[in-house]
Amino acid sequence: MANSQRKILVTSALPYANGPIHLGHMLEYIQTDIWSRFQKLRGHECHYICADDAHGTPIMLKAQQMGIAPEEMIAQVQKEHEKDFADFNIQFDNFHSTHSDENRELASQVYIKLRDAGYIKTKTISQLFDPEKSMFLPDRFVKGTCPRCKSEDQYGDNCDNCGATYSTTDLIDPRSAVSGATPVMKDSEHFFFDLPAFEGMLKEWINSGSLQQEMANKLGEWFEQGLQQWDISRDAPYFGFEIPDAPGKFFYVWLDAPIGYMGSFKNLCNKRDDLNFDEFWSKDSTAEVYHFIGKDIVYFHSLFWPAMLEGAGLRKPTSVYAHGYVTVNGAKMSKSKGTFIKARTYLDNLDPEYLRYYYAAKLSSRIDDLDLNLEDFAQRVNSDLVGKLVNLASRTAGFISKRFGGKLAKIADTSLTTSFLAKQEIIANFYETREYGKAMREIMALADIANAYVADSAPWQLIKEEDKQEEAHQVCSNALNLFRILVTYLKPVLPKLAQDVEAFLQMELTWDNLDIDLAGHEIAKFKALMQRVEMKSIEAIIEASKENLQVTAEPEVKKEVKTPLEQDPILDEISFDDFAKIDLRIARIAKAEHVKEANKLLRLELDLGGETKQVFAGIKSAYAPEDLEGKLTVMVANLAPRQMRFGVSEGMVLAAGPGGKDLWIMEPHEGAQPGMKVK
């Protein structure tokens with residue numbers, strides 16, 4: 001049991017109830033589930049709740065296309081979501097829906113408190129209106145020609161071709177994506193939440209340590225731009241909750257969606273006698289509330305949500321933790337390449353524990369994107385889980401059953417056990433701070449030690465010698481005890497494996513019994529715990545995902561794609577003497593790390609083979625620091641040092657690409673050596 005039991009409520013962002021879960025979504029639920037399971041393993045009271053986000057125009061229109069009521073559609077989707085989550089071993093304490101009585105009641109209560117306190121304003125606005133469907137059109141339901149690059153069939157708020165953002169009224173030849181009709185402008189009175197009234201409180205809150213520094217920095221930019229009143233209403237027809245005392249007006253989905261956290265917890269409290277809703281959500285609550293979210297919804301969770309809670313007299317979250325996106329094989333998930341993988345497609349072909357481990361091995365507390373490299377995925381799972389972890393038991397358990405009656409020996413030399421147990425607080429701290437990758441590396445380093453011990457001791461040789469039977473018994477028992485400790489450390493990540501190991505060892509794996517003496521303890525006969533990942537299974541997933549595209553994809557509009565030379569024409573000629581002034585050198589990236597004060601920069605220590613230079617490079621959007629260390633690259637070595645507010649930059653690394661994720665540093669041939677001049 002933990003020294004001081006904590007009361008914790010943890011949430012993941014609510015999946016939208018108009019489609020299936022994919023592997024990008026699963027990152028967040030796996031990350032949160034690991035954290036929740038860890039808290040419970042340590043003896044804390046922890047409740048992991050979630051719900052389907054079930055309101056909005058997209059759901060209303062999709063249900064119409066299917067010829068069913070929205071309520072029927074969201075019920076079907078919720079059933080599919082719950083099955084996917086359960087099969088991925090996501091252990092919610094409650095999974096509900098925002099379209100619920102609890103959420104309707106709480107959303108109305110929050111709104112009325114905000115209204116009565118003077119935080120709700122009204123304003124008449126003009127919007128595009130579909131005259132055939134008699135409905136106002138959200139930006140994404142208006143299409144037309146981009147006013148900048150003239151590409152056709154672009155959305156009402158941004159262009160996929162050139163990346164421009166604009167107002168729907170700027171579109172050329174706009175049309176309704178619902179009916180195809182030409183929209184008209186129409187006035188309507190809307191309700192606004194007075195977000196600027198909470199600016200002082202929000203500035204204090206975001207700098208209180210409740211957010212990652214990267215998030216706090218980003219929010220600081222929004223304050224510089226000035227907070228705006230937030231439109232919280234939508235006009236009928238709309239699938240959602242009607243606003244109290246305002247017929248024909250509905251809550252915008254982003255108002256009742258975060259209240260859905262409270263609604264799901266309220267539903268759980270109604271099912272149980274030992275839970276009190278107010279103990280977690282009242283202004284003076286001492287419980288902890290944590291939200292795990294994607295970086296794309298930081299604005300809603302770190303500005304609107306805490307301001308709404310403050311205005312309604314409720315407590316704010318203890319912390320909001322954001323993560324990055326998932327890429328596959330170094331690129332955005334793609335339906336045409338078969339890398340836009342649904343959770344169910346994965347589950348039809350591979351063990352969910354594989355992905356849980358791979359994500360854990362690459363997750364940190366930062367907001368970096370995570371790349372699911374499918375070859376690396378197979379190699380890492382096969383090496384770490386099958387080759388190191390499970391192999392430890394498979395090499396030794398048979399001897400215990402066949403030669404020693406299935407009973408473990410009293411271990412004379414406990415030095416290895418002591419060294420493994422000495423890591424428990426280090427590993428626990430990594431879990432607590434969401435540094436799962438560091439935890440996995442620590443655990444696998446222990447697995448290497450345990451396997452080396454077995455290899456050096458060679459019980460398969462000892463067992464052949466009559467006078468070495470006790471020594472063989474000791475080695476195998478010691479190995480299985482180390483295996484037990486390792487699986488206990490991994491239990492939040494690999495719950496199904498832990499369950500199978502508990503059946504094999506005939507004991508529960510808990511943090512409290514890590515140091516238990518197993519002398520004389522009887523184990524069951526060993527059965528295979530995990531199979532290797534075969535590339536044919538991965539190939540089957542990719543092929544199945546391509547087939548999904550053929551069934552569901554909409555016809556794509558051909559776009560004129562400019563070549564790199566067209567986008568970035570060659571500059572004016574320079575003389576050879578001008579070029580000769582630039583000293584390009586091979587450098588090895590000795591160290592790479594984040595710059596807390598900057599959103600786009602990484603700090604690099606570049607080894608020139610006898611001299612080290614510090615460079616601040618704007619490549620954070622494309623690279624995680626750990627992926628750069630050890631790589632060779634090319635740098636401008638004689639660039640004048642530049643004083644920046646976080647240090648001096650002594651050069652520049654070379655990279656190609658338009659920017660963002662599409663940026664690649666120059667990597668010379670492996671025969672090149674640090675310090676060599678590029679000629």
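Using the three backbone atoms N, Cα and C, a Cβ is placed for every residue, glycine included.
Record features, source Swiss-Prot:
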- CYS146, CYS149, CYS159, CYS162: Zn(2+) binding site (BINDING)
- LYS335: ATP binding site (BINDING)
- 578-679: domain 'tRNA-binding' (DOMAIN)
- 15-25: motif ''HIGH' region' (MOTIF)
- 332-336: motif ''KMSKS' region' (MOTIF)
Cβ neighbours within the same chain of CYS159 (Zn(2+) binding site) - under 8 Å, at least six residues apart: CYS146, ARG148, CYS149, SER151, THR165, TYR166
The residue listed as 'ATP binding site' and CYS162 (Zn(2+) binding site), Cα-Cα, nearest whole angstrom: 21
Cβ-centroid neighbours of Zn(2+) site CYS146, CYS149, CYS159, CYS162, 8 Å, sequence order: PRO147, ARG148, LYS150, SER151, GLN154, ASP160, ASN161, GLY163, ALA164
Secondary structure composition of the domain 'tRNA-binding' (578-679) [DSSP: H/G/I, E/B, coil]: 7 helix, 46 strand, 49 coil
Helix, strand and coil residues within the motif ''HIGH' region' (15-25) as assigned by DSSP: 3 helix, 2 strand, 6 coil
Packing count at CYS149 (Zn(2+) binding site) (other Cβ atoms within 10 Å of its Cβ): 15
Neighbour-count leader, CB within 10 A, binding-site residues: CYS146, CYS162, LYS335: CYS146
Stretch-averaged pLDDT - the motif ''HIGH' region' (15-25): 97
